[in-house]
């Protein structure tokens with residue numbers, strides 16, 4: 001199982017590294033551009049009326065005077081940078097666990113597809129040049145049973161990982177989805193009333209970052225559902241014709257169990273899947289239209 005899963009897991013590591021770089025790059029580019037924009041406005045203008053604070057004024061200080069403006073600017077940028085590090089690290093952790101579960105199901109599929117052939121060659125020490133249609137009746141039940149038990153243990157272990165992930169992150173995922181809806185509404189509404197081009201670009205970058213965050217989690221949640229169901233397809237595609245009837249009955253039970261997809265939820269409220277992502281986008285847009293209508 002582990003030998004045949006090496007290539008699959010290498011693909012997982014390469015994809016995760018690329019995703020880390022893109023996601024972190026996007027998040028920190030957005031924050032960095034915001035910081036540079038506020039610093040540019042401060043350095044280029046001596047008129048306090050042209051100074052800007054990216055995240056709104058701090059009412060307990062008179063930010064039209066120096067050094068109160070600089071203190072507030074440093075506080076906002078430092079706090080937002082820390083929040084960016086915290087939230088992106090959390091998002092990447094959750095996405096990594098979901099991707100890990102998805103690729104474990106891929107390894108299971110690979111193992112199940114080759115189970116009979118590997119059992120014949122490795123355990124039974126059969127001739128690898130013999131056609132499998134002629135070799136399968138020769139494999140004793142004890143070897144097939146041993147291989148199938150290994151598969152079942154690994155399958156249950158992957159399902160347990162998904163269950164533990166559900167228990168650990170379910171409430172957090174709900175807060176992420178609800179928080180993103182609120183932030184998207186605010187960002188879209190703010191972007192609709194802005195007149196400064198640079199601020200509009202920054203707001204658009206923040207909106208894209210939020211969508212990438214939720215879209216990534218939803219995508220990997222969808223992959224967990226999809227890959228867990230493909231285990232049944234892999235069991236059907238293995239070389240079971242001619243094997244011991246007890247093994248064939250065990251395969252039927254495996255396919256029945258695998259037809260129930262592994263689904264993760266956000267606080268038992270919604271499934272982590274692409275449908276939920278589209279729901280978030282539609283809900284945010286509806287809320288934005290309500291706010292805009294109220295303003296008009």
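Backbone N, Cα and C define each Cβ position, glycine as well.
In TrEMBL, the transmembrane segment annotation falls on 168-189 of the listed ranges 146-167, 168-189. According to TrEMBL, the feature transmembrane segment maps to residues 201-220, out of the candidate ranges 201-220, 221-240, 241-260.
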